[in-house]
Amino acid sequence: VITRPEMEIGRYHWMYRSSRPHRYHHVPALRGNISPLGIQGCFECCIKCLGGVPYASLVATILCFSGVALFCGCGHVALTGTVSILEQHFSTTASDHALLSEVIQLMQYVIYGIASFFFLYGIILLAEGFYTTSAVKELHGEFKTTACGRCISGMFVFLTYVLGVAWLGVFGFSAVPVFMFYNIWSTCEVIRSLQTNVTVPGDQICVDIRQYGIIPWTAVPGKACGPILENICNTNEFYMSYHLFIVACAGAGATVIALIHFLMILSSNWAYLKDASKMQAYQDIKAKEEQELQDIQSRSKEQLNSYT
């Protein structure tokens, strides 16, 4: 005869299957490079590590480093060659180009600071890309996003935007010496063509540097004409400075592209952190509800045991 308490216990086991005794099933042996202890092989570890690399941030970092290196290195040497050309051919008096020499020297010091700053900033952005990519989350398990982390990510977005706008100005400024050297070079080409087709004497074709405002109008001689100008174009200082300014301008453009790329990556990472914080709050609420349900079940079981 089944008593009422036994019927209650049977109904409880039927309603809460988790209270039934656990049944242990045979686990098949693992094959491949994975050991029975769950330790992965070398190939799987390498694939997983490569999956954790933020390739977009890595490409942007390489492009940023390359652009800044080209701009700073080529710009520094080109400015030195420009001062040498001015002192030898356009402004023989030191007092006439003293201000220009000080400005160029200051710009060279600024180049040192730019190179150092962007080397550090590129590493920081690359590290931020590593720690906010979803692949790293799979490697190291769940991580909690805090308000401070989201604030830092938003700060990087704002700072990268400001730097991108500033580098647009640098890119435009670096095109000015390229334009000046191109005018001088094209004038030299006209003089060579006139010497071939002797129609107009080349002595009447001149380049006046004073009109660009880099040296005062009282500078002597201030301009170069005919064969003198052609000799200037044939010097190593002019040839190297002209091409280095072109490379420096290209480096500034590459840096602008890298910063735009960084801006897109950081915006995506910030959105990811924002969604992760919402998911984290949802999981916390879900875990709390499950814990409350387990507490209710345990109390019900205790009451049932006390009743029996």
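Placed from the backbone N, Cα and C atoms, the Cβ positions cover glycine too.
Residues or ranges marked as coiled coil in TrEMBL: 279-306. Confidence across the coiled coil (279-306), taken as the mean pLDDT and rounded to a whole number, stands at 75.
The annotation transmembrane segment is assigned in TrEMBL to 58-86 (among others).
Sequence annotations record features per position, and here TrEMBL assigns transmembrane segment to 106-131 (among others).
TrEMBL lists 152-176 (among others) with the feature transmembrane segment.
Residues or ranges marked as transmembrane segment by TrEMBL: 244-266 (among others).
Stretch with the most C-beta contacts under 8 angstroms to the transmembrane segment (106-131), considering only 58-86, 152-176, 244-266: 58-86. If you look at the transmembrane segment (58-86), the same-chain residues 6 or more away from its ends with a CB under 8 A from one of its CBs are 97, 100-101, 104, 107-108, 111-112, 114-115, 118-119, 122-123, 125-126, 129, 170, 174, 177, 209, 214-215, 232, 235, 237-238, 240-241, 244-245, 247-248, 250-259, 261-262, 265.
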